[in-house]
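Report on the following structure.
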Amino acid sequence: MALPNVTGLTPDTFILTGIPGMEQLHVWISIPFCSMYLAALLGNGVLLATIWWERSLHQPMFLFLSMLALADLTLSTTAVPKMLALFWFQAREISFGGCLTQMFFLHFTCLMESVILLAMAFDRYVAICFPLRYGAVLTPAAVAKAGLAALLRNFCIMFPCVLLLRRLPYCGHRVIPHTYCEHISIARLACADIRANLWYGLVLPFGMGMLDLLLIAVSYAFILLALARLPSASARHKALHTCSSHLCVLLLFYVPVAFAALTQRFGQSVSPAVHILLANLYVLFPPLLNPVVYGVRTQQIRDGVVKVFIRPRSLVLRR
């Protein structure tokens, strides 16, 4: 039998349905989503501007934090504007290329956040376990190389997903029951064997995220051993306080990611509406809360915000 014309079976556009069963509530759902998105833009923008303008924050920990803020902005901006257009203007169509691009950047940014969190854990490990060597190990050049290595690793992991989706025939199936494009939702529209997509999408990206999490756990095991050897309780408390913000951000990132990934593949009893709502919150909550966590719990950032935004304004008002 002749093979089907795969090119002819590739749709020009896909149709995003939004949240199944809740179409009449789309406008109301968009209000908190839009508010969270704008707050995430503001919070991460303030954080980036503070780190950029305040020279005392040009340290490895804050450089990694600025990378995290950029990843947060990319994650939310990749998904939310199209989602809001769907909710407000019924703009359901997205081109085939646009859908693959959105999928690539969503998953790429998730992996990027994972490796940035690993780098931040390593930063805390060096700062607590080898404080005298901190400046020699985590130089600006080392931070830049770590960022470049993370970009290359994640690109090499995610680009094959695009190729795996482009090779599939879709036989006219165009409706994606979601508010944005993601790998498995696109693959399930194909009229062909998608086992390669399912296994690749589960094993490699999810496996690399789990590897990052394992290395983070190893870093914190060494940190706890180092804390146990500190002579005073106040020193242990101060050192642990420097890790608390990072631990909160870890929970905000890994818990929703793991839940969304597992329910997408194994949670057949979870209703599609619940899954899609949680998937939307996943692209909003970490970008919204990460700058709040670090802003509230990190004295240097609070002081930097005052110096960059509040004090210049007060001087202008006095004049």
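Cβ atoms are placed via backbone N, Cα and C, with glycine included.
Some features that TrEMBL has for this protein:
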{"type": "DOMAIN", "residues": "43-294", "note": "domain 'G-protein coupled receptors family 1 profile'"}
{"type": "TRANSMEM", "residues": "27-49", "note": "transmembrane segment"}
{"type": "TRANSMEM", "residues": "61-80", "note": "transmembrane segment"}
{"type": "TRANSMEM", "residues": "100-122", "note": "transmembrane segment"}
{"type": "TRANSMEM", "residues": "198-227", "note": "transmembrane segment"}
{"type": "TRANSMEM", "residues": "239-262", "note": "transmembrane segment"}
{"type": "TRANSMEM", "residues": "274-294", "note": "transmembrane segment"}
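Ranked by Cβ pairs under 8 Å to the transmembrane segment (61-80), the stretches 27-49, 100-122, 198-227, 274-294 are led by 100-122. Restricting the average to the domain 'G-protein coupled receptors family 1 profile' (43-294) gives a pLDDT of 89.
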